[in-house]
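As recorded in TrEMBL, the features of this protein are as follows:
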- 255-383: domain 'PGG' (DOMAIN)
- 35-68: repeat 'ANK' (REPEAT)
- 71-92: repeat 'ANK' (REPEAT)
- 105-127: repeat 'ANK' (REPEAT)
- 326-349: transmembrane segment (TRANSMEM)
- 361-388: transmembrane segment (TRANSMEM)
- 400-421: transmembrane segment (TRANSMEM)
Amino acid sequence: MYDAALKGDVPSLLNLLDEDPLILDRCNIQNSGRFMQSPLHVAANLGHINFIIEILCRKPALVEDLDHYSKGPSPLHLASVKGHLEVVRHLLAVKPNLCFSRDQDGRNPIHVAAMCGQVHVLDVLLQAYSQAAWERTNNGDSVLHLCIKHRQPEALKFLSTFLDDHQLINSKDSDGNTILHLVVIAKQPEIVTFLLKATSIEVNAINTNDFTAIDTHIRSKMDLRDEDILQSLKHFKVLQSKNMLKSRRITSDQDWLEKKRNTLMVVASLIATMAFQVGINPPGGTWQDDQNNRNACFSSKMTMANGNNNLDHVAGSIMAIKTRGLYNTLLVSNTIGLISSLSVILLLISGLPFKKLLVGILMITMWIAVSATIMTYLFSICFLSLYIHGSGRDRTTWVTWKVMFISWALLMAILLLGHGIRFIAKLIRDRCSQG
């Protein structure tokens with residue numbers, strides 16, 4: 001049987017089968033100390049298609065029989081390595097998911113075909129089960145990593161174009177290297193240009209040593225191809241890791257500024273709206289009649305909070321007439337809140353460069369606006385309490401007012417103290433660094 005498989009001698013195979021119909025069930029040929037190979041393995045390795053067809057007609061299960069036990073290469077592995085296209089097609093016709101069979105190193109037939117540059121075989125395998133291309137070897141290598149490590153540029157180009165998968169192209173090996181890192185180490189300038197120009201490779205990916213592709217290039221041994229590689233990397237804006245980290249910090253700062261801008265705009269708009277409403281509709285409401293309209297529906301007498309004098313009232317704020325001092329105080333705090341919030345909105349839409357200094361100014365302005373809003377609220381509930389309870393002071397309202405005022409004052413003091421400490425610490429660090 002071994003001689004027949006080596007020669008691809010179909011008549012000898014048929015004679016053996018006539019003599020012993022069960023010979024294929026018992027026949028495992030000891031090929032080496034590592035693997036037990038069947039006649040199908042031998043024929044697939046040598047590309048004897050007719051011999052393989054006869055075996056598959058009688059025992060198709062042989063295509064995967066030994067993989068479950070010895071973890072050696074399957075017949076499809078062997079045919080893929082040698083580029084026997086017809087053998088590959090017939091084996092896949094029997095069982096298409098053979099593309100997922102793995103050898104002792106965790107490599108499937110797509111892996112070994114890529115390692116040997118068998119592009120036509122890759123095309124057939126991918127048409128059968130392209131999902132197998134995403135499998136990793138035991139060492140964590142993808143099929144693209146294997147192409148570079150075994151210097152198969154055509155296979156790499158074919159797989160990158162056929163699969164066109166961002167995740168696969170940017171996958172990393174056990175050392176965190178992308179295929180761009182490896183191709184720079186392998187000094188293949190044409191493939192470097194291809195990856196940067198024709199694929200979705202992440203140009204500034206970092207490996208486990210915190211090196212980008214250009215860092216890897218700088219630390220590798222120099223030869224005549226290095227200048228072409230360096231020019232390609234610079235042309236596509238591949239950065240050194242130290243510059244990239246600086247760029248990321250700048251991007252992070254810009255994102256932070258944008259979030260602050262949006263937050264300030266929302267809060268300032270809300271405060272401006274509330275302050276405007278308080279201005280045109282003060283607590284307690286407004287009188288709608290005046291001295292010239294004294295009919296039964298619109299004339300009345302009001303009693304001053306500090307006496308029993310009956311006075312004709314004019315149109316306007318009830319609070320302004322009953323408690324002039326409290327109204328004036330509320331008017332001042334409300335106006336401060338309105339002007340502060342409108343100032344923030346104006347600065348945000350003015351087009352001025354939105355830097356950290358401007359953010360600091362706007363934040364302080366918003367503190368003023370928020371503080372003015374809380375004071376407006378406190379003066380409002382104070383008036384409403386007097387309005388309801390007359391000249392007497394409601395104890396619950398008064399305690400609530402004091403608690404809120406003291407709490408807010410303490411909060412503002414803590415914030416000012418915290419920012420003051422941060423500012424002083426920053427000044428000390430700057431002076432120490434300069435010294």
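Here, residue 1 is simply the first one shown, and the rest follow in order.
Every residue gets a Cβ built from N, Cα and C, even glycine.
Counting residues 6+ beyond its ends, the repeat 'ANK' (105-127) has Cβ neighbours under 8 Å at 73-74, 76-77, 79-83, 85, 88-89, 92, 98-99, 133, 135-139, 143-144, 146-147, 149-150, 152, 154-156, 158-159, 162-163 in the same chain. Within the repeat 'ANK' (71-92), the DSSP-based counts of helix, strand and coil residues read 16 helix, 0 strand, 6 coil. Within its own chain, the transmembrane segment (400-421) has Cβ neighbours under 8 Å at 367, 371, 374, 378, 381-382, counting only residues six or more beyond its boundaries.
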